[in-house]
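A.B. asks: Structure incoming, see below.
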Protein chains: 2
Amino acid sequence: MTTIIRRFNDWPIPIKIILSFALVIFLGSILLSMPFSQLDSSEANYFDHLFGAVSMVAVTGLFTQPVAHTYSFIGQVFVLLLIKLGGLGLITIVSAVVLQFGRRVSIQGEVTLQQALNRKDRTDFKYYILSIVKYTTLIELIGASIMSIHFVPAFGWRDGLFTSVFLTISAFNNAGFDNLGTASLQPYMTNPIINTVIPVLIILGGLGFSVWFDIGKRFKSLLLYKDWKDWRSLKRNYRHLNLHSRLVIKWTFWLIIGAMFLFMLSEWNHPETIGTLSLIDKFQVSFFQAVTLRTAGFGTVNYAELHMFTLMVFTVFMFIGGSPGGTAGGAKTSTVALAVILLSSEIRGLSNVNYKHHTLKTEIVKRALVIVVMFVLLNFVAISIITIFDGHVPLQFIFFESISAFGTVGLSADLTPTLSRYSQTVIMFAMFIGRLGPITIFTALANQDKKKKDVKYATGEILIG
Amino acid sequence: MTTIIRRFNDWPIPIKIILSFALVIFLGSILLSMPFSQLDSSEANYFDHLFGAVSMVAVTGLFTQPVAHTYSFIGQVFVLLLIKLGGLGLITIVSAVVLQFGRRVSIQGEVTLQQALNRKDRTDFKYYILSIVKYTTLIELIGASIMSIHFVPAFGWRDGLFTSVFLTISAFNNAGFDNLGTASLQPYMTNPIINTVIPVLIILGGLGFSVWFDIGKRFKSLLLYKDWKDWRSLKRNYRHLNLHSRLVIKWTFWLIIGAMFLFMLSEWNHPETIGTLSLIDKFQVSFFQAVTLRTAGFGTVNYAELHMFTLMVFTVFMFIGGSPGGTAGGAKTSTVALAVILLSSEIRGLSNVNYKHHTLKTEIVKRALVIVVMFVLLNFVAISIITIFDGHVPLQFIFFESISAFGTVGLSADLTPTLSRYSQTVIMFAMFIGRLGPITIFTALANQDKKKKDVKYATGEILIG
Ligand SMILES: [K+]
Ligand SMILES: [K+]
């Protein structure tokens, strides 16, 4: 056993992250498949539990058997536990493990860990991780309290509180699981509590911890120096945030506005979705769907009924996903942002890639574009494999489900439960890879090949067209 | 008039190319819509003629009304003329025009022209262009002669010769038009002449003129020095070709093998395609479909009957397309190759992008990746717009048709004629943009923004995930 631990310590950190993820999923699937985790109505076999465990740890929300008809109270507690672990990111757990063993991490290992945690300054990890746990718990407590205003009167104390806690954790961790049954949140389509608390939780979880810390730092310095004049000027405060925070906040804002606008444009008169609703409810429902695309995956409309254009547009938002180093998935807002900035610079023939009077590092920008392309390729491969086994399903639904899985969004046109086991396995891998995130995969691959030399030869000319 | 010509001379070359393209298409559509160009059976209105003219000049092969039921002998001669103009590339014509006016081209203009023509050495354009015209005509004469062995006995002298010429020009220019009616080449599925001559013409046309010149140069030096020992050794001769030629030949070879293998894998037992054929015919038909993906667009099977997996796989090959500076379309083999090489270097953490003991220029490699991403984006936008107007069509067919149009391939699951006029307009733009090619669009866009400065600021840090 000690040998195994010693060996584990020798492995590169990305490999540790991947293995820890896999281990947690495996243990989770065992716990979920225990008899005491099941309801009498459960029709799940081990594959369903494994699929569920992947989906929970990957905070996706796709399932082959719905939680409400499968898991007992104890089972649902396991579900929450897996979501919590997944949402905090196994990266966090791994780093805790690494630090726990007391062994000094090599400089290179520390750099990788910093990258994985999306921290650029070499601050004390323990403090960072404890703060994350503290603040996430606080936010979840507040969220659950407000939610219980609706659910306690509706379901009674025990079930009402538990449902509030369940939905809060699921929303904040961008997991998208619910314990309400097949209709999910559709009955709460126009409920004002659901339409405010859940979006706030989703957005907070999706911003990424480093943005929290930046906002927190700004807030603290305001309290310290009592600089209330600045405090009043929201815009000036915003400008004091670092470049990353500003980019993430700006993109999150415009992605929500954009998705909301396009959803309304496409579904305004569609009777199966928002066509028959009042003006205010149309806005409310559209706002909720726009926010849920930040990889939460709750739906208050039936996605199988959406216009094909809505499905196509939504895939773009799911592909982009949330921000790095938080509970959200996808290619990540900042990654896509850098890729877009690079594209526009290239088209204009500029050699420096600039954003807000800063020049971005060529390496990072190039890597962002590579990540985006890799994500496109991965999606294409997954979609193609699914067409082999489920060639009768119209492509738009496979397309939507695959991007939803890779982005760990979990929105579904009710396709996953009807797919073949082969295709469900593809979806499972998609969720796993999607949650590990491109950077982890990237670093894992790069580490394996350290021996190869980075040779510089004479220049070769190739014509492109 | 002189003022217009003088003004035209002042414009940047990519703009000239785009405008000349548009002008030829417009004139072509007028000629095609003339009464003497029509058959009695013609049901085409001006939109159909315009669509056809775009498709011909863009050497795509998609149509809203089939040639055989629409155009008279004279009309079909116009069709060939437009294909010839499109295949040689309006770039060629523009450069001819530019040289004709006798005005000295600025150094910068000359560089752009060289890029557009995919020539890196500053050789005499006139010689280059005349050689292209000479060799294309020679190859087409040989092709048509062999084809007439089948078609003259079948259709008689006049029609047999004309059909041979028509198919040869269409194949060599990767146009994919036929004058045989709705079944197209499907009746010739297992015809050995069709299955050899047409693929050879497609491949030759798709390699790109610069590769011809390179092979020609090698061939000449062999004749000159009577170095027959080398001549016998095919491999050694191959190694003497320049880096670009070798990359293009290698990729063309493997793309054909790959597409053939995947087609057989997917359709081997499919009774609607090759399931009922003999072993040899299965290979013959698979080879033909693999070659036609080099953006020719002839089909000897019914593409509406293909397995969804085949459709998905084929989109990859159509997306890649042929090689730059020839008659083929798509993102181009060498462009995709460089993007792939960059991806694999990035994943392995190498900062130098190497190919065959040569280091490639960072700028070119980055541009290749940008082109690929732009092509993906353009496709996505086109597909999404089509779903607005034709939301009832399963996505796989829209997907296939759009990539076929952008790649100027022209393979079709019989969708284009059934689409709404709005979607057909989208397809029309896709073909136009696809034939102009990413480099031309790129240069055109870059030229407009020359005033903006390429500022270098302090480094900005953004985290990606
Ligand atoms: K999710
Ligand atoms: K074509």
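Our numbering is plain: 1 for the first residue shown, then up by one each step along the chain.
Cβ coordinates come from backbone N, Cα and C, glycine included.
When I checked TrEMBL for this same protein, it listed these features:
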type	residues	note
TRANSMEM	A:13-34	transmembrane segment
TRANSMEM	A:73-99	transmembrane segment
TRANSMEM	A:127-152	transmembrane segment
TRANSMEM	A:193-213	transmembrane segment
TRANSMEM	A:247-265	transmembrane segment
TRANSMEM	A:311-330	transmembrane segment
TRANSMEM	A:367-389	transmembrane segment
TRANSMEM	A:426-446	transmembrane segment
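Give me the local environment of each listed feature.
C.D. replies: Long-range contacts of the transmembrane segment (A:193-213) within the same chain: residues 87, 117-119, 128, 131-132, 135, 139-140, 143, 146-147, 149-150, 167-168, 171-174, 185, 244-245, 248-249, 252, 256, 284-285, 287-288, 291-292, 294-296, 298, 300, 322-328, each at least 6 residues beyond the stretch ends and with a Cβ under 8 Å from a Cβ of the stretch.
Same-chain residues lying 6 or more positions outside the transmembrane segment (A:247-265) and placing a CB less than 8 Å from one of its CB atoms are 203, 206-208, 211, 238, 241, 274, 282-283, 286-287, 289-291, 293-294, 310, 313-314, 317, 320, 322-323, 333-334, 336-337, 355-356.
Taking Cβ pairs closer than 8 Å, the transmembrane segment (A:311-330) reaches residues 58-60, 87-89, 117-119, 172-174, 205-211, 248, 251-252, 255, 258-259, 262-263, 266, 289-290, 293-295, 303, 336, 375, 379, 396-397, 399-400, 403-404, 406-409, 411, 413, 434-435, 437, 439 in its own chain, all 6 or more past its ends.
Beyond the transmembrane segment (A:367-389), the same-chain residues lying 6 or more positions past its ends with a Cβ under 8 Å from any Cβ of the stretch are 319, 331, 334-339, 342-343, 395, 398-399, 401-403, 405-406, 419-420, 422-423, 426-427, 429-430, 433, 438-439, 442.
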